[in-house]
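Remarks on the structure that follows.
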Amino acid sequence: MITLIKNIQELLQVRQTSISKVSGAEMAELPTIKNAFLVIKDDLIADFGSMENLPEIKADSIINASGRVVLPAWCDSHTHIVYAGNREQEFVDRINGFTYEEIANRGGGILNSAKKLNETSEEEIYEQSKIRLEEVMRLGTGAVEIKSGYGLTVEGELKMLRVIKKLAENYPISIKATFLGAHAFPTHYKENKAGYIDEIITKMLPEIAQNKLADYVDVFCESGYFSVEETEKIMQAGIDFGLKPKIHVNQFNSIGGIQSGVKFNALSVDHLEIMNPEDIEALKGTETMPVALPSCSYFLSIPYTPAREMIKAGLPLALATDFNPGSTPSGNMNFVVATACIKMKMTPEEAINAATINGAYAMGLSETHGSITKGKKANLIITKPISSYYQIPYAFGSNLIEDVLIDGQII
């Protein structure tokens, strides 16, 4: 099956040779081709270039993209799409003055989601989650990481990971699974934190590894949740079972989680709303991708990740949604890109790089996703007719997507 997309007004994120990520000043550079064509063979990008160099092609399908921008589908490297029910009451509680921490301390927050999840059947969780997955695909996401972390019991965590596996089997979107048993301490372990960590290490991880249910291990390293020492213990156990770490750090406090992530060669460190100079310094020259979650900052009215300082320091940065029922009930990467520009003062070029190639890196997919490169997955966004790609963050409330292709097929 050969598909030709022709007369593309502008083809974005064109990389003749594959790159893994972009950092620092390079993030401001977004290679493009104006008046372009793109050829898809089956599920892969086969060729692209300027229309004046279009070779003779016998295409099975032709898409005329006149006036439209084509770019790689978004790569959302941090989500909690699999959950039961919602936490809309907590949304109203916050409006009425309760903080995220206060809600958590009275049984809300993550523990509320855990209660709902453990009371809901695996089939029902799948049915609820697939609706959210289909929504983010329509919004232009072509690769997504999904975490567990609302089970907080052996069976609850396994149930979540089985749902993630079933979604990956039933949908063309690329899905990476992350085990986040260390999301919070269950109520019955509040006075026995070591006991819960032991359960994660001796009961959850062996089952997960044996059944190949996860690619990564995550920990919520934060005051009132998991300490640096506890985080390191769980990361090491995950590594021993073949799971690379990617961890939650610096959402509310800087307690040394970034340094621990780097020490254990974490694929990514995510949130980063609170960053001090030592945290930025610790990330320099490492293989660990910093990931910002601006929709979470928007929804909780907390600080935004200091993108300008980080990019100025030469760091790479990825953007993701943090789609979850409590702090970011949205999987819209278009809004993430716009919010990064508006609130974090990233340029459109930086934000698109962060949401494509750097997002792919943050879930181990940069060899196959995140750029227009021959041999990569044909996961694409075709916009509606727009004046330029600046419209994507500028018209932040508009749906500018005409078509989404995953594995070369319009969804």
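The backbone N, Cα and C atoms fix where each Cβ goes, and this holds for glycine too.
Computed from a predicted structure; not experimentally measured.
Cross-referencing Tyr150, Tyr171 against the N-formimidoyl-L-glutamate binding annotation in Swiss-Prot, which names Asn324, Gly326, picks out Tyr150. According to Swiss-Prot, Tyr150, His183, Gln251, Ser327 bind 4-imidazolone-5-propanoate; the candidate from Arg68, Arg87, Arg106 that the record adds to this site is Arg87. Per Swiss-Prot, the Fe(3+) site holds His78, His80, His248; the candidate it also names there, chosen from Asp322, Asp403, Asp407, is Asp322. Candidate binding-site residues: His80, His248, Asp322, Asn324, Gly326. Nearest to Arg87 (4-imidazolone-5-propanoate binding site) by Cα distance: Gly326. The two recorded residues, Gly326 (N-formimidoyl-L-glutamate binding site) and Gln251 (4-imidazolone-5-propanoate binding site), have Cα atoms 14 Å apart.
Counting in whole angstrom, Asp322 (Zn(2+) binding site) lies 14 from His183 (4-imidazolone-5-propanoate binding site) by their C-alpha atoms. Between the two most distant C-alpha atoms of the annotated 4-imidazolone-5-propanoate binders (Arg87, Tyr150, His183, Gln251, Ser327) there are 20 Å. Measuring Cα to Cα from Tyr150 (4-imidazolone-5-propanoate binding site), the binding-site residues that fall within 10 Å are His80, out of His78, His80, His248.
All protein chains shown were included, and the count of other CB atoms within 10 Å of the CB of Asn324 (N-formimidoyl-L-glutamate binding site) stands at 26. Annotated pair His248 (Zn(2+) binding site) and Asn324 (N-formimidoyl-L-glutamate binding site), C-alpha to C-alpha distance, rounded: 14 Å.
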